[in-house]
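Noted in TrEMBL for the protein shown:
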type: DOMAIN; residues: 21-30; note: domain 'Uroporphyrinogen decarboxylase (URO-D)'
type: BINDING; residues: Arg26, Gln27, Ala28, Gly29, Arg30, Asp75, Tyr161, Ser216, His332; note: substrate binding site
type: SITE; residues: Asp75; note: site 'Transition state stabilizer'
type: DOMAIN; residues: 149-165; note: domain 'Uroporphyrinogen decarboxylase (URO-D)'
Amino acid sequence: MTETGKPLLRALAGEAIWPPPVWLMRQAGRFLPEFRALREKADFITRCMTPDMATEITLQPIRRFGMDGAILFSDILILPWAMGQSLEFIHGRGPVLEPVRSLHDLERLDVKRVEAATMPVMETLQRLRTIVDGPDPIGVAKPGQVTLIGFAGAPFTVACYMVEGHGSREFDVTRGLAYSDPEFFDRLIDILTIATADMLCNQIVAGAEAVMLFDSWAGLLPPSEFRRHVIAPAQRIVKIINERHPGVPIIGFPRLAGLMAVEYGRETGVNAMALDTSADMKAIAEQLPNTLTLQGNLDPLRVLAGGEGMRAEARAIRDAMKGRPHIFNLGHGVVPATPPEHVGDLIATIRDI
């Protein structure tokens, strides 16, 4: 039990809260009209790096729906951008980066730039912490209810974009290079592991009460490479954070990991593990210690569809986890076309006991 009464922090400390705390990945996003209004005023990186805008965007879903967690509005690719890799978000294509594919290319990156380059992000967290710990309600959220969550991309997933140079379903170039030039790929993962740990620690100093490690493409790897490039870096990151900031909870998200999710949950040292839509949460829970909090895992397309189907599935996930520490969330991010009222209905359903 933590000293705070915040439901999300209590769940992350291993307490079985009923009803469970709830927040949603990509809860600050294009499905909200207030987000779309701000989106027209600046490009994506500018929004991430402008504290006024990033603070406002982070709080929009809290005001409207009263989630228990407010996750920093930012992006997993802010880290390579801060290291000096060119990054542009192109409408209809997503992120486009100048590929890094050799030891020579790595020389273009400068980890020492990251702290100064991400100062606006830290200022955003400072502002947000003051607000979430303040005496006033945040829209429909009660004072003292909302936990501030920082985050970063896990080394393998960030490496996928850095090497490929853009999004992909399979990241063939990245995985091929990991096999053909392991010296380069291991070095890249090592650089990202330390830089990610440092950045998450800076987020904690700035005000994050918990941090999340997104490994969105972990499921692309076979077991041996999963252990090498997903589990081992996560172990190092968790160890560094625990040494510098003992007691700050860490959520890991090895998306599409399948059976390897159990090993991830047992071996990395994370306080909580998020599960994607494909995971049988109850079956995985039975293979893990009751001290590990699970997060998830409603299909975002259920929320897009809404109605009784969404409500029934949400209740089934919630009820299956009763008696063990659980944070209700989706198995991936909110779909941009989702009607906001469906999200409101979902939050109300989870809290209706």
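Heads up, the Cβ atoms here are built off N, Cα and C, so glycines get one too.
Positions of TrEMBL features highlighted on the structure.
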residue	record	Cβ neighbours (10 Å)
Arg26	substrate binding site	17
Ala28	substrate binding site	24
Arg30	substrate binding site	14
Asp75	site 'Transition state stabilizer'	18
Tyr161	substrate binding site	27
His332	substrate binding site	23
For the domain 'Uroporphyrinogen decarboxylase (URO-D)' (149-165), the DSSP helix/strand/coil residue counts are 10 helix, 5 strand, 2 coil
Where does His332 (substrate binding site) sit in DSSP terms: helix, strand, or coil? coil
Inter-residue C-alpha distance, His332 (substrate binding site) and Asp75 (site 'Transition state stabilizer') (nearest angstrom): 15
Between the Cα atoms of Arg26 (substrate binding site) and Asp75 (site 'Transition state stabilizer'), find the distance and write it as a whole number of Å. 11
With DSSP, how much of the domain 'Uroporphyrinogen decarboxylase (URO-D)' (21-30) is helix, how much strand and how much coil, in residues? 0 helix, 1 strand, 9 coil
How long is the line from the C-alpha of Tyr161 (substrate binding site) to the C-alpha of Asp75 (site 'Transition state stabilizer'), rounded to the nearest angstrom? 12
Report the mean pLDDT of the predicted model across the domain 'Uroporphyrinogen decarboxylase (URO-D)' (149-165), rounded to a whole number. 99
Is Asp75 (site 'Transition state stabilizer') helix, strand or coil when read with DSSP? coil
Over the residue list Arg26, Gln27, Ala28, Gly29, Arg30, Asp75, Tyr161, Ser216, His332, recorded for substrate, what is the maximum interresidue Cα distance in Å? 23
If you measure Arg30 (substrate binding site) to Asp75 (site 'Transition state stabilizer') at Cα, how many Å is it? 14
